[in-house]
Amino acid sequence: MTQVAKKILVTCALPYANGSIHLGHMLEHIQADVWVRYQRMRGHEVNFICADDAHGTPIMLKAQQLGITPEQMIGEMSQEHQTDFAGFNISYDNYHSTHSEENRQLSELIYSRLKENGFIKNRTISQLYDPEKGMFLPDRFVKGTCPKCKSPDQYGDNCEVCGATYSPTELIEPKSVVSGATPVMRDSEHFFFDLPSFSEMLQAWTRSGALQEQVANKMQEWFESGLQQWDISRDAPYFGFEIPNAPGKYFYVWLDAPIGYMGSFKNLCDKRGDTTSFDEYWKKDSTAELYHFIGKDIVYFHSLFWPAMLEGSNFRKPTNLFVHGYVTVNGAKMSKSRGTFIKASTWLNHFDADSLRYYYTAKLSSRIDDIDLNLEDFVQRVNADIVNKVVNLASRNAGFINKRFDGVLASELADPQLYKTFTDAAEVIGEAWESREFGKAIREIMALADLANRYVDEQAPWVVAKQEGRDADLQAICSMGINLFRVLMTYLKPVLPKLTERAEAFLNTELTWHGIQQPLLGHKVNPFKALYNRIDMKQVEALVEASKEEVKAAATPVTGPLADDPIQETITFDDFAKVDLRVALIENAEFVEGSDKLLRLTLDLGGEKRNVFSGIRSAYPDPQALIGRHTIMVANLAPRKMRFGISEGMVMAAGPGGKDIFLLSPDAGAKPGHQVK
């Protein structure tokens, strides 16, 4: 059946430009690339684009930490990201940046249209402000306890445990991620996108049946809890685009980040000198298809804010969102200490890209399920499937064809019915690729590979080769095996681009989806060269060890107090619980005759007096100034006999020593005898 060629625009979520690409990122880019390559094989016009997400406070602060400009940092990171994606043969037509003139113009255009249409609201809000750093704190730079499920250590915009979204001011016991200080509240005028105005449209889009069931169900929960206006502005200092006619106010990174899809495509059109495609793909009534491959952690932004922004600014909405789960390694979250937090570049130093592309593909489905990269299973599956079943099929037949028949295949098929079984599978396998049921496609292909190898085993060309007068049979059997290999590699072409190149060189023909309907008859193949090498666990061990070493090398050198006075060995809670810390009032403080380091302190523990010798004289040359001050002491320390008398405890102080000793004091209201817990 002839397919009508479609116009398709495909995007992956934009990697953030403050860190390297790792194997978790690669799941999405591989999934999208396999789907895109299949669409291209079927004759569709596909534009596959991405960009770096290059704005926000994290980038600003990291650049400061590195002593370079944000522009320099994101430029270097973009080159690294593009090198990694090229190494994994991700076939992007364009890779751009949100820090671009195209993105600035489109962000301002969408904002102005939303404002003209009454969807931008101004109001003064109270924000968390870091008093130590002198800056308002973005959502991701505040952590605290989730106000909904009470999970600790959650960011200021959404909870990674229950998925709830909220304002940073709703966090329980918030702390600044930048300085560790407790934020204070300050007022600031902000701009809000009126998301609730689009509730009806979004619910209709949800019910259209296009979205994954899990996404639609999650969206329904959000509708039931009520949509809120969305804060789209941030205060200076901020690295991003300044909002027109609003000095000191910047677009929130999540406003201009998805617009980066449009910016990258506009950049591609401009490079091509194409003045019509941008409008053709993005206009309100566009018939082109638009798909976003994203992770489950950013569904909220892509399923609510993004389509509403597009609707409100008179652009088309996505055709669908293709959402995937996370990657675990060996059944657990990726870990730097275990060496399973693996960068894309590190992987390519130890394995080829096709191996990971195959393993991920074999495990992917259209559902939002997490994928486990079990490294032992990875080795076994790559060897069993790619090497033993597919590549071996070619190698065990090619030798006879090259040596005995000068590389020329038979003029007729030895088993036309078996070949038809292989080509008839194109519909089922194609539908699996189309619907992103990648694991099913691989299972179907490997079942065919088993059939092909069974055929060769039964025909035993190595036996036939020794029998006189059976040259025609030998040529027919081996030609059949090579033709079946060709069909298998055609089905696997979206997954294994580098192996496909080598297979095409051997077969002396391009692999096309429609081409398999005609077998290679009387066709000359090239001399066979090894197509793929087996892998082993030693490579895995080297990969893990290299990842550990990279973490050590990348560790930020410790500076300041920790460099001179490292944190001591970890103790248990039971050990700590033995220490009884109490608030004490300094009733008297005096020099100790015969010592140039000690002060004698008389402490009131709320009904009990203690005599303590403390080596703080260098920092407190006037002991009388300490009288009447509250401090903290270790109350259950065994008395220590000294030359000057008995010391009945220890007062708590911080600092490196000398003049830099700082006696600790409790907050106002604490009374002598209060226990420190």
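Glycine is no exception: its Cβ is also placed from the backbone N, Cα and C atoms.
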Listed range which Swiss-Prot flags as motif ''HIGH' region', given the options 15-25, 48-58, 158-168, 169-179: 15-25
Listed range which Swiss-Prot flags as motif ''KMSKS' region', given the options 143-147, 148-152, 233-237, 333-337: 333-337
Among Cys146, Cys149, Cys159, Cys162, which are recorded as binding-site residues, the nearest neighbour of Lys336 (ATP binding site) by Cα: Cys159
Cβ-centroid neighbourhood (8 Å) of the Zn(2+) site, Cys146, Cys149, Cys159, Cys162 excluded: Pro147, Lys148, Lys150, Ser151, Gln154, Glu160, Val161, Gly163, Ala164
DSSP residue counts for the domain 'tRNA-binding' (575-677), split into helix, strand and coil: 7 helix, 47 strand, 49 coil
Three-state secondary structure, which DSSP defines for Cys162 (Zn(2+) binding site): coil
